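Asker: Reproduced below are the annotations present in TrEMBL:
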- Gly97, Ser98, Asn99, Gly100, Lys101, Thr102, Thr103: ATP binding site (BINDING)
- 16-82: domain 'Mur ligase N-terminal catalytic' (DOMAIN)
- 96-275: domain 'Mur ligase central' (DOMAIN)
- 299-376: domain 'Mur ligase C-terminal' (DOMAIN)
Amino acid sequence: MNTAELYTIYLSCNKVCTDTRKIQKGDLFFALKGDRFNGNEFAGQALKNGASYAVIDESKYRTGPETIVVDNVLHTLQQLARFHRKETGIPIIGLTGSNGKTTTKELINAVLSKKFRTVATQGNLNNHIGVPLTLLSMDKDTEMGIVEMGANHLKEIEFLCNIAEPDYGYITNFGKAHLEGFGGIEGVIKGKSELYTSLMKREKLVFYNAEDPIQTERLKGYPHIFGFDTLGHSDVKFRFVEADPFVTLEYAGMLVHSSLIGRYNVNNIAVAMTMGAYFGISAEAIKEAIASYIPANNRSQIITKNGRKIILDAYNANPSSMKVALENFTALPYPDKTIIIGDMFELGKEAETEHQHIADQISELPEGSVILVGENFFLTKSKHLKFRNFEALSMHFSEISIPGTTLFIKGSRGMALERVLDLL
């Protein structure tokens, strides 16, 4: 069966699904494989649960005409998504970067949905499986697609661009994330810039931060750009007002309030406003959209528990995001502050150096005001309290309270530092 024939079947189905537990009547099931599972084994169950068809790549699991055998299920899913994208012609915004992708994507979606029927990447499903699933979730009523693209190796953004073929794009920043996979910061810049390469080859529009020297250098001489800054030298001007702790900007003569903490979210908000301006959304509607966005999933949340104010940013961390987050928190005019930070993953041979840099950054803070958690931070030269893992932290504070009336908690996803909330 070729892609066009499968596309006809796809159009007759309710939606694409890869999890038998979430199957609904009329779905098209793709039997993907992982390190610990083989979706082919669940094809029969998917059909019993209501799927109209199941796409498999091991013929021994075929049960009848409702099972479609292909050479490779994942490749077929990707080819179908690319075919669908070409057939629909929906305008697609591609988004990547080292930090802030998901928050930026959600802000852009909040703004653009004021005018368009949008579909955006769910959560952070931004890889070689998530991007095809996002595209295939768009239908004839979708007027704008917002596709987040993640990568930790070279050529991965290029691959995702070949599937999604974005009409517009934005790179949040080039930071010290996934250094192990990219081989260093130069690899990060090269890898993320694959989005620029895709857009420029097809003469598509790039949104950019006109105050980011790497972005401006990479886009030098390219005519199809639309930028933002605080100086009035590009297309959209804004002004930073405060982050105490929530970010407020001035735009089009209005104060734009947000529920996002930290100056590191300023550009995330600014590009959402910039895209709104480009696509003809009123300043008032943009203001409403930014104000209505509430972060979730342990991203830049403020929580109150037992009389304490807790800034929880435990979804992820890398040296770039950790540095600016610490700068922001230490600048807040709150008394009795405590910092609890955990290891940053995927740094490879740079792990020791980067963790020491962070330890050095907070070396002047009062003893007892910082708690370091994780093997890498445990090995740093620091006067602050250190624990090899969360369990050691938990045991230490089982009888005495974690200090501070205002807490900042941040670490890589694998550290799961939101568990600190249970110790308070």
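Even glycines carry a Cβ here, placed using N, Cα and C.
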Asker: Where does Asn99 (ATP binding site) sit by DSSP, helix, strand or coil?
Answerer: coil
Asker: Starting from the Cβ centroid of Gly97, Ser98, Asn99, Gly100, Lys101, Thr102, Thr103, which together make up the recorded ATP site, report each further residue of the same chain whose Cβ lies within 8 Å of that point, ordered by sequence.
Answerer: Thr104, Thr172, Asn173, Asn268
Asker: Within the domain 'Mur ligase C-terminal' (299-376), how many residues are helix, strand or coil going by DSSP?
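Answerer: Going through the domain 'Mur ligase C-terminal' (299-376) residue by residue, I get 29 helix, 21 strand, 28 coil.
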Asker: What is the number of other Cβ atoms found within 10 Å of the Cβ of Thr102 (ATP binding site)?
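Answerer: There are 25 such Cβ atoms around Thr102 (ATP binding site).
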Asker: Mean pLDDT for the domain 'Mur ligase C-terminal' (299-376), rounded to an integer?
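Answerer: PLDDT averaged over the stretch: 91.
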Asker: Would you mind listing, in sequence order, the residues at least six apart from Asn99 (ATP binding site) in the same chain with a Cβ closer than 8 Å to its Cβ?
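Answerer: Thr172, Asn173, Gly175, Ala177, Tyr264, Asn318, Ser320, Ser321 - these are the non-local Cβ neighbours of Asn99 (ATP binding site), listed in sequence order.
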Asker: Show which residues of the chain containing Gly97 (ATP binding site), separated from it by at least 6 in sequence, have their CB under 8 Å from its CB.
Answerer: Thr104, Tyr170, Ile171, Thr172, Asn173, Phe174, Gly175, Lys192
Asker: What count of other C-beta atoms do you get within 10 angstroms of the C-beta of Thr103 (ATP binding site), across all chains shown?
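Answerer: A count of 21.
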